[in-house]
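Annotation source TrEMBL lists domain 'FAD/NAD(P)-binding' at 89-421. The disulfide bond annotation in TrEMBL covers Cys126-Cys131. According to TrEMBL, the feature FAD binding site maps to Lys135, Gly201, Thr227, Gly228, Ser229, Asp406, Met412, Leu413, Ala414, His415. Here TrEMBL flags Gly264, Ser265, Gly266, Tyr267, Ile268, Gly269, Leu270, Glu271, Glu287, Gly360 as NAD(+) binding site. Here TrEMBL flags 440-551 as domain 'Pyridine nucleotide-disulphide oxidoreductase dimerisation'. Among the features that TrEMBL reports, active site, proton acceptor is placed at His542.
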Amino acid sequence: MTPSPISLSSSGTTYAAAISGPHHCSLFDTTTATATSFNLRLCGLRREAFAFTTLRHRSKHNHPIHRTHFSAISAALSDNDTAPKSFDYDLLIIGAGVGGHGAALHAVEKGLKTAIVEGDVVGGTCVNRGCVPSKALLAVSGRMRELRNHHHLKSLGLQVSNAGYDRQAVADHANNLASKIRGNLTSSMKALGVDILTGFGTILGPQKVKVGSSNNVVTAKDIIIATGSVPFVPKGIEVDGKTVITSDHALKLETVPDWIAIVGSGYIGLEFSDVYTALGSEVTFVEALDQLMPGFDPEISKLAQRVLINPRNIDYHTGVFASKITPARDGKPVMIELIDAKTKEQKDTLEVDAALIATGRAPFTQGLGLENIDVATQRGFVPVDERMRVIDANGNLVPHLYCIGDANGKMMLAHAASSQGISVVEQVTGRDHVLNHLSIPAACFTHPEISMVGLTEPQAREKGEKEGFDVSVAKTSFKANTKALAENEAEGLAKLIYRPDNGEILGVHIFGLHAADLIHEASNAIALGTRIQDIKFAVHAHPTLSEVLDELFKSAQVKA
Ligand SMILES: Cc1cc2nc3c(=O)[nH]c(=O)nc-3n(C[C@H](O)[C@H](O)[C@H](O)COP(=O)(O)OP(=O)(O)OC[C@H]3O[C@@H](n4cnc5c(N)ncnc54)[C@H](O)[C@@H]3O)c2cc1C
Ligand SMILES: NC(=O)c1ccc[n+]([C@@H]2O[C@H](COP(=O)([O-])OP(=O)(O)OC[C@H]3O[C@@H](n4cnc5c(N)ncnc54)[C@H](O)[C@@H]3O)[C@@H](O)[C@H]2O)c1
């Protein structure tokens, strides 16, 4: 590296700072003619990055280095960047969402002295603004849907004259459930002796975290980042929290708009379409890709469209981006400008009462101090390897630092976050563990539900082609299942994607009543490496929905 001297002045004192090579940095006070030279190599790689980043940034923008900066740098070099010799905790977790909570509980079980840092409220997204309140709303929408389906009720011999709802009471149900689960999470950690440290966590250096704005620095042998995510709002969309909202606002159910556009037909969009249509709204989907629900197995998306979209008060625009959204104001409705996703040409303008932005989530990693340990995020996500170990800007593993959950972007699901946390605790307590993400199930809690584990059919075929194996597909219908027929809810399909040569389960997709509960037989089989030729002899109680999967495994044609 070429020497890069920088001349800086402040308050009558001139400093010269020189980055003199990959391993040296010097600061020279021209008034006292004293120089301090740092051998960065002795300080370690991450220290080097700290000094270089700070000095380069200041010189590039022609900012003066003040004495305080000088002391901050030298303090950082002599203090924060040195790994502590003893630790306050064995494990420190930044973020008390479900990921952090899962890790903390397992850590205590393993005998680790554990603390968790939370800058907001315990429970994170899932408990306060995600899974929990959304499932409370979906429990209501499921019942409303049933109570208003006279044809369905009549076929069961039931008569219900007038089904209605109280919006505030529904909202309270969601809010109360979140409070209850938040309380449960907090008590479970306190009861087990996890220290809950309130304040925003900033990584200062290896094994060192500052909590809150005070000088409360906590050290730990191992650190887990579990800072989660926030709603992602594309450029051009103005969220006012009233008429243009994200899931954070929608879960409060402050209104039930007559007509709401839902931008994005992924998990959030689909679940909220179930809620809103059950409560009487008309929904218009705006989806950038060419089909609705593009993340699911295509056959399941098609069936879901036939059952969850077409018969409901829903229309849709696919292959278009919402390029600009303006909230309702001055008597004007919410305006949504649509452009063609490929050509970017203006296509249409929608005028609706409200718009829900459900276009994905962005990692919450700002202010975490990753630059202090030379970690560069990728689109905000913390780069990790398959063991959730954090990777620095040079591609090296950062010792004793892990990242789990939404912040690493591997799989934005609550149970994925906590299972990654458990996996990390296994590693730091001496047992190597690699989580098989292909065994992690996912579910969308519409009525009926959608669930899946492993690969979709196109993904499996692509893998088969690359690796040289055949892929087969088996399917069973809920229409042949006694329990589903008794419930008069027989619209559904289970699909198995597998290797006919050795019976390996590559993926299972279910659309139908209680699909979210049914998927676990398949996900456990994948996790444990159980083959179809073995699981097909497992016995299922009759009459249960689980027989849909029993039939599925029995119908597969394995050559082995
Ligand atoms: C509407 C909605 C519905 C969902 N439904 C489901 C579902 O049914 N099933 C499912 O599996 N998933 C669901 N998800 C996804 C699920 O909520 C997330 O995958 C999960 O919450 C991720 O957990 P996490 O621990 O990684 O992060 P989070 O739950 O986001 O928790 C992170 C925590 O870290 C804190 N924090 C952040 N930075 C700092 C810092 N520097 N210092 C201190 N604290 C910090 C935050 O305040 C937060 O409490 C849903 C999401 C949404 C939005
Ligand atoms: N039941 C569950 O497990 C559950 C429920 C809700 C959320 N989640 C998690 O939360 C995360 C976020 O959910 P989500 O539904 O917001 O994201 P998603 O990634 O599932 O879907 C986003 C959709 O928005 C579309 N899109 C993006 N930008 C657009 C634009 N400008 N105009 C039109 N369409 C656009 C994308 O093509 C995609 O189909 C997911 O990763 C999911 O794992 C899970």
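Glycine residues also receive a Cβ, built from the backbone N, Cα and C atoms like all the rest.
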Nearest recorded site to Ala414 (FAD binding site) by CA-CA distance, among binding-site residues Ile268, Leu270, Glu287: Ile268
Cα proximity to Cys131 (disulfide bond), best match among binding-site residues Thr227, Ser229, Glu287: Ser229
NAD(+) site, defined by Gly264, Ser265, Gly266, Tyr267, Ile268, Gly269, Leu270, Glu271, Glu287, Gly360: further same-chain residues with Cβ within 8 Å of the Cβ centre: Ile262, Phe272, Met293, Ala358, Thr359
Alpha-carbon distance [Met412 (FAD binding site); Gly266 (NAD(+) binding site)] in Å: 12
Gly264 (NAD(+) binding site): tally of other CB atoms within 10 A of its CB: 22
Where Ser229 (FAD binding site) sits in the secondary structure, as DSSP reduces it to three classes: strand
Where the C-beta lies under 6 angstroms from ligand 1, the matching recorded positions among Cys131, Thr227, Ile268, Met412, Ala414, His542: Cys131, Thr227, Ile268, Met412, Ala414
Recorded positions near ligand 2 among Cys126, Lys135, Thr227, Leu270, Ala414, His542 (Cβ under 6 Å): none
Local confidence of the prediction over the domain 'Pyridine nucleotide-disulphide oxidoreductase dimerisation' (440-551), expressed as mean pLDDT: 98
Cα separation, Ser229 (FAD binding site) to Ile268 (NAD(+) binding site) (Å, whole number): 14
Largest inter-residue Cα distance among Gly264, Ser265, Gly266, Tyr267, Ile268, Gly269, Leu270, Glu271, Glu287, Gly360 [record-listed NAD(+) binders, Å]: 15
Secondary structure at Met412 (FAD binding site), reduced by DSSP to three states: coil
Nonlocal residues around Cys126 (disulfide bond), in sequence order (Cβ under 8 Å, 6 or more apart): Gly97, Val98, Val132, Ala414, Ala417
